[in-house]
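Working notes, beginning with the structure itself.
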């Protein structure tokens, strides 16, 4: 870090003046949902790892992930700062931890998607809310912690370019006594932000409306570092980007570089980009094992109401064919609970999944997330504001055409039909024996136990 620019000299000077290093506790809370969330292998929390990477230069850091079995202490006397990351699903738990630490006189920081979207609510449970990404407010925040003069909200006036992004230090997660609970897929980030601004999405608020990206060489260097650490080429990566293909030229150049490394990877990709056969060819050649695709609905009226122009129903089968041709599995997302949904929506979805042999279908109920335009539109119809149930699996409001009872009846029936043994064999026959098979049989067991009451 340069000692001649902006606030950095003050930060370095303050750090040098400290007689001892302040102690930080970083917390990843678990959720309280009854559904299959935060169970089994969980992804390493990249955002919290980034906080640890930044903070460890000036402070002593303890890293706890409650999802893996780490215990959050009742007594915070050993720490000066307690920093908690939160999304809507674990917000109540994050608030409980924050309240406890705040009552003990600690500096409490709460950041993440939910506190960014509902800053006033989150501010009741902490000293300071980190609005959006911490990287863009880090110097200001660290200086204030040294001085002991905190602001109620830290919000960047300008987001930093990703060219200055510090590579994440995964040792904070990997050195945990419960590290075996983490998925073998290593989270990686190449881009941030999205200018599209869909009414149901939080990305533009959290990461900005401009599309930012890291230099390709830096992304590849991070992959090489993991290959060296693990002593093998076929390291598996999961891109955390919301819209990595927004700039096709950048994405294609990144894949060309990855093809030379021999890695394996998966990502969320926009539907319209996958219509091009050359994209699937390069994705397969660069080691793509699975694409996560938001099909959302087989109802054209619903797609139109979502303003999701990237989804063209007439191209769905071509997209699937392109990926399957290059042995890329599909994690397909389907949402139910729209006002225009009918029983025909479920049948059309079942037919599409079975005919196109979608390897890993994921079904959710329409959930208006707080802070989004869609939430404001639906607020008067939402059944409750119990954040523990905002997991996209609980019934949030009654759709006009179908009604709540029929919605849940058909939702459960569809899951059972898609994940019954014979359906799994039809969809998966001849495909590689890997974790996708395992997940299908886990879902077979899970869906047999479903009842409407679980979704209320």
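Glycine residues also receive a Cβ, built from the backbone N, Cα and C atoms like all the rest.
Long-range neighbours of residue 198 ([4Fe-4S] cluster binding site) (same chain, six or more residues apart, CB within less than 8 Å of its CB): 306, 307, 308. Residues or ranges marked as [4Fe-4S] cluster binding site by Swiss-Prot on the basis of a curator's inference: 194, 198, 201.
Per Swiss-Prot, domain 'Radical SAM core' is recorded for 178-405, and the stated evidence type is sequence analysis.
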| Just how many other Cβ atoms lie inside 10 Å of the Cβ on residue 194 ([4Fe-4S] cluster binding site)? | 21
| query | Which chain-mates of residue 201 ([4Fe-4S] cluster binding site) that are at least 6 residues away have a CB under 8 A from its CB, listed by sequence? | reply | 194, 242, 372
| task | Starting from the Cβ centroid of 194, 198, 201, which together make up the recorded [4Fe-4S] cluster site, report each further residue of the same chain whose Cβ lies within 8 Å of that point, ordered by sequence. | result | 196, 197, 200, 202, 203, 204, 242, 243
| message | Within the domain 'Radical SAM core' (178-405), what mean pLDDT does the predicted structure show? | response | 93
